[in-house]
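J.: I am attaching a structure below and will ask some questions about it afterwards.
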Amino acid sequence: MTVIFKLKTCARLICVIVAITSLLTYFRSKNTNTKYVLHVSTGNEMISFVYPEKKNTTYITNSHINYNYPKLQDFVQMFQSRYTSKNSIFAVKSNESYNVFLKRLSLFTKKGQMLVKETEILKNTTASRFFRGINQQRLYDPNDEELLQDLLQDMATLPIASAVESDVKGTQFKVTLTFVDGTRARVKLMRIPKEVESTVDMHPGQEFERHFAEIAGYHVDKILGFNRVIPTVGRLFNITTDLKTLLSNETLVEHVYRSPAGNLCFAVYCKQLCGRDYPFCGRPDVIEGAVTVELISGEKYKRYDLKNEYTRIYKKRPWMADQNTCMDFVTNHTSRHRSRMPLDQLDLSLYDFLIGNGDRHSYQMFNDLGTESFPFIYDNGRSFRYSYFDEPIGLVPIQQCCEIRLSTLAKLVKLYSGPDSLSQLMRSSMISDPVSPVLLEPQLQALDRRLGKIIKAVSDCVSSGKPWDDIVIDDGII
C-alpha cells in the first residue's frame, strides 16, 4: 500500500511525522502481511517511510549466508588455514560462539597506563567506577559486564536534578543532564522516527541527527571489541517533569504547544534545524532520547581532537585525487607518526563504514595517556541514515592502504563465518534497551552486507599480489 502526501515546507513535514507514523501503525495492525510505503514530497525532496511486512522470522546466522560474495569463501579458508593450524589465538573455530571467541581475545589485551590514578579521589558513583577503568588501550573492560550494566541502568533511570542546553560543540541541539548523584550525561532527543530513512542526495548537514544511531553505534563498537565508544543507552523522558528546568529557560525555549495530534511539542533556539519549523515532540508527553555518560573532566583529564583525513566530500579532498594518500598520511603527518595510529585510523574507518557514517570529522584522545593510547569516538548521530546504500568513504582507507589489523580481521572473519552474525548479535545486545527496537530489520541486515564488503576489500588486496604479512598486520593490539 502506498500513500502520498505533498507538503510545501519542511516545517509541515516535521509537524505531521507523528501523525503519519500513527497512521501507518494503525494500517499495519489491520493487515500484517502488507508492506506500507509512505512517500512525502517537500517539493525538492522525496522522503520515504517504510513499514516492512511483519513475518514470523527465523533469523539465519552466519553473515555469509545472508550476503555471500564471489570467491570470498576462499579468502576465509585461507585465513583459517593460516591461523588455525598454528593454534593461534586468532584461530576461527566453527563450533565456537562469537562471544566466547571475543572473550578469549580480550584476555590478551594489555591495559597499560590508567587515566585515573589510584590516589585520586572520585565520588562513589557508578560513573566514577567507569572512569577508573579508562586505560591506555580502551575506555572500559568489556569483561566487567556488571559495571556496564549498572552504568547503563543509571543513565536510563536515575532521577534528574537538572536539564540544560549542552555546551558540547556541534550544530544541533543537545541536552546536558545532571542526575541526583552528581553524574552528568549528554542527551540527544528524538527528532525523527526510526522508520524515516534519508536519501543519498541529501546533504548530511541539512538533516536531523538520529538519537538511536548513538545507541546502536555503541553496541556495534562493543561487539567488535574496540571499546572506544562511550556507553550510551536509550531513555524515555516526560517533557513536563524530566525536562522542566530546560523548558523554564525563556532565552532558550521559543515555544511550547500541543500539536493537532495532541502531542506536547517545544521549539528551541540553536545553530541549525531549530525554531518553530523544527520542534521536538513527545507522544503525547514522552520523548525518546539517547543518553551518553559525560566523560570525566578537569585539568588532569584534558582531551584533544585528532583530525580524520578521510572525511566527507564537502569539497575536493586529497584522497579523492591521489591514490597514494595512505602513504602520505603515514609518512608525512608528523603529528600522527606513531606506531599504532595508521591501523587505528583504519579500524575507525571500517567502523564508520559499518554504521553508515560518512561525516566523521575527528576523533579524540586523552593528553595524559600519551601518543601510544587509543583514539575514541563520539557523535554518531549521522549514522544509520539509510539501509539500502553503503557510504563508500569508510572503505577508501582500506582500499588505498591495503592494510588491516590482524585482530580486527579475525573478528570480521568470525562474524562472517558464524555461527553468529553481526545482525543477530546486535539484536541480542540491544533487546533490553528502554527504546528497543533500536534498529529496524533493514538496518540490521545492512550491517551483514557491509561486513562482507570489508572482507572483500581485504581479499582484493591479497589478490593484487601484495604479501599477506604486509596487508594483515599483527601489532599486538587486540
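Each Cβ is built from the backbone N, Cα and C atoms, and glycine gets one as well.
Residues or ranges marked as active site in TrEMBL: Asp359. Look at TrEMBL and you will find Gln172, Lys188, Glu209, Thr292, Val293, Glu294, Leu295, Asp379 tagged as ATP binding site. What TrEMBL lists as Mn(2+) binding site is Glu209, Asp379. Positions annotated as domain 'FAM20 C-terminal' by TrEMBL: 257-464.
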J.: I'd like to know which of these recorded positions, Glu209, Glu294, Asp359, Asp379, is least surrounded, judged by other CB atoms within 10 A.
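T.: Among the recorded positions Glu209, Glu294, Asp359, Asp379, the lowest count of other Cβ atoms within 10 Å belongs to Glu294.
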J.: Far apart in sequence but close in space: which same-chain residues, 6 or more away, have a Cβ under 8 Å from Gln172 (ATP binding site)?
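T.: In sequence order, the residues whose Cβ lies under 8 Å from that of Gln172 (ATP binding site) (at least 6 apart) are Lys188, Arg191, Phe208, Glu209, Cys270, Lys271, Gln272, Leu273, Cys274, Gly381.
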J.: Just counting, how many other CB atoms are there within 10 A of the CB of Thr292 (ATP binding site)?
T.: 23
J.: Rounded to a whole angstrom, what is the C-alpha distance between Asp379 (ATP binding site) and Asp359 (active site)?
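T.: Counting only the Cα atoms, the answer is 10 Å.
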J.: For Val293 (ATP binding site), write down the residues of its own chain that are at least 6 apart in sequence and whose Cβ falls under 8 Å from its Cβ; none is a fine answer.
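T.: The answer is Ala127, Phe130, Leu151, Met155, Thr183, Arg184, Ala185, Ile230, Pro231.
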J.: Express the distance between the Cα positions of Leu295 (ATP binding site) and the residue listed as 'active site' as a whole number of Å.
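T.: Leu295 (ATP binding site) to the residue listed as 'active site', Cα-Cα distance: 22 Å.
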J.: Widest Cα span across the ATP binders Gln172, Lys188, Glu209, Thr292, Val293, Glu294, Leu295, Asp379, in Å?
T.: 21
J.: What is the average pLDDT across the domain 'FAM20 C-terminal' (257-464)?
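T.: Overall, the domain 'FAM20 C-terminal' (257-464) comes to a mean pLDDT of 87.
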J.: What is the separation, in Å, between the Cα atoms of the residue listed as 'active site' and Thr292 (ATP binding site)?
T.: 19
J.: Would you count the other C-beta atoms found within 10 angstroms of the C-beta of Lys188 (ATP binding site) for me?
T.: 28
J.: Specify the count of other C-beta atoms within 10 Å of the C-beta of Leu295 (ATP binding site).
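T.: I count 20 other Cβ atoms within 10 Å of it.
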